[in-house]
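As recorded in Swiss-Prot:
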type	residues	note
TRANSMEM	33-53	transmembrane segment
TRANSMEM	77-98	transmembrane segment
BINDING	His83, His182	heme b b562 binding site
BINDING	His97, His196	heme b b566 binding site
TRANSMEM	113-133	transmembrane segment
TRANSMEM	178-198	transmembrane segment
BINDING	His201	ubiquinone binding site
TRANSMEM	226-246	transmembrane segment
TRANSMEM	288-308	transmembrane segment
TRANSMEM	320-340	transmembrane segment
TRANSMEM	347-367	transmembrane segment
Amino acid sequence: MTNLRKTHPLMKIINSSFIDLPAPSNISSWWNFGSLLGICLIIQILTGLFLAMHYTSDTLTAFSSVTHICRDVNYGWLIRYMHANGASMFFICLFLHVGRGLYYGSYMFLETWNIGVLLLFAVMATAFMGYVLPWGQMSFWGATVITNLLSAIPYIGSDLVEWIWGGFSVDKATLTRFFAFHFILPFIIAAMAGVHLLFLHETGSNNPSGLCSDADKIPFHPYYTIKDILGVLLLILVLTTLVLFSPDLLGDPDNYTPANPLNTPPHIKPEWYFLFAYAILRSIPNKLGGVLALVLSILILAIVPLLHTSKQRSMMFRPFSQCLFWILVADLITLTWIGGQPVEHPFIIIGQLASILYFLLILVLMPITSILENNLLKW
């Protein structure tokens with residue numbers, strides 16, 4: 001008799017995705033981040049659901065409702081900090097997942113990669129709107145500054161900003177709609193992640209060597225299920241350590257002050273995971289130019305497959321490209337640091353140089369180095 005998991009209409013989808021899926025035998029721990037992102041999304045949806053039961057999206061009571069969750073709701077503090085720090089873990093996994101894709105040439109799966117880029121935008125939008133909800137000082141001013149950037153769009157800019165605000169400033173209408181979008185977007189992200197997986201399973205996974213692994217496949221279960229479970233346990237260990245010992249480590253103290261439109265904080269800055277893009281935005285004195293650079297800093301990922309000039313897929317056997325890749329990583333860390341600094345002498349020029357280097361590495365240096373490596377190998 002054929003196994004039920006291979007015949008039942010629902011079970012066979014799960015079977016072909018997580019049990020009998022042929023996987024390369026040599027994929028490393030860098031391939032764990034897909035499943036970790038799935039776990040992060042589940043944690044965020046569940047904690048968010050319980051927070052939404054107690055939160056009120058009204059400018060007068062939003063801040064108080066978050067305080068009420070932390071003080072009066074059973075384990076409310078735990079749910080709130082799991083959600084806030086869960087977002088940080090989500091972005092750590094996202095950056096490592098994208099970095100893995102860049103290093104090992106996973107971007108050659110075009111559909112999977114492009115849906116991944118859209119997912120990155122969707123997660124960033126969701127995180128931004130979530131940061132506005134507690135209605136602290138940094139929530140309010142962050143929302144004001146970032147939405148105001150759209151006014152740089154010619155002709156329709158100012159109308160667009162007022163349309164998003166639902167008035168002439170960030171107010172009750174803005175908070176209510178941000179809450180609505182923040183609630184619905186994770187479910188859209190979950191659906192997109194399903195499509196992301198669908199396209200991945202059309203081609204099969206890449207592997208560290210970048211070579212075709214059809215001749216050497218192993219079943220996903222038990223080999224990679226157990227490996228993924230180890231990754232999940234480590235993720236939960238790091239997240240719970242962060243939540244229980246230092247829940248405010250990655251937050252901003254200004255957000256413990258209720259929003260006040262009459263008092264601007266000395267340094268307006270987003271959460272740490274947006275600082276690299278914020279630094280690129282600030283490094284260009286022109287408003288429209290800054291906004292374009294901000295969008296392009298993420299959108300550039302979509303054109304990475306077009307810039308692949310190497311005859312090898314992975315960077316595993318390309319030492320010069322590896323050097324440039326790690327310079328890019330160092331550059332992004334530098335940009336993240338600069339994004340959190342005030343706009344004054346040494347930081348302005350460092351930010352501008354780091355921004356130029358970021359685009360130069362991806363658009364010019366890496367493709368040229370790949371061609372050089374091709375010639376060195378006499379291919």
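Keep in mind that glycine also has a Cβ here, set from the backbone N, Cα and C atoms.
Stretch with the most C-beta contacts under 8 angstroms to the transmembrane segment (288-308), considering only 33-53, 77-98, 113-133, 226-246, 320-340: 113-133.
Beyond the transmembrane segment (347-367), the same-chain residues lying 6 or more positions past its ends with a Cβ under 8 Å from any Cβ of the stretch are 279-280, 282-284, 293, 296-297, 300, 304, 307-309, 321, 324-325, 327-328, 331-332, 334-335, 338-339, 341.
Highest Cβ contact count with the transmembrane segment (113-133) among the listed stretches 77-98, 178-198, 226-246, 320-340 falls to 178-198 (criterion: pairs under 8 Å). His83 (heme b b562 binding site) sits 24 Å from His196 (heme b b566 binding site), taking the C-alpha atoms as the reference points. Around the Cβ of His196 (heme b b566 binding site), the same chain contributes Thr112, Ile115, Gly116, Leu119, each under 8 angstroms and 6 or more positions distant in sequence. Just going by CB pairs under 8 A, the stretch in 77-98, 178-198, 320-340 that sits most against the transmembrane segment (226-246) is 77-98. All protein chains included, His83 (heme b b562 binding site) registers 21 other Cβ atoms within 10 Å of its own Cβ. In sequence order, Ser16, Ser17, Leu21 make up the list of same-chain residues 6 or more apart from the residue listed as 'ubiquinone binding site' whose Cβ falls under 8 Å from its Cβ. Residues 99, 102-103, 269-270, 272, 274-280, 282, 310, 347, 350-351, 354-355, 357-358, 361-362, 365-366, 369-370, 372-373 of the same chain lie 6 or more positions beyond the ends of the transmembrane segment (320-340) yet place their CB under 8 Å from a CB of it.
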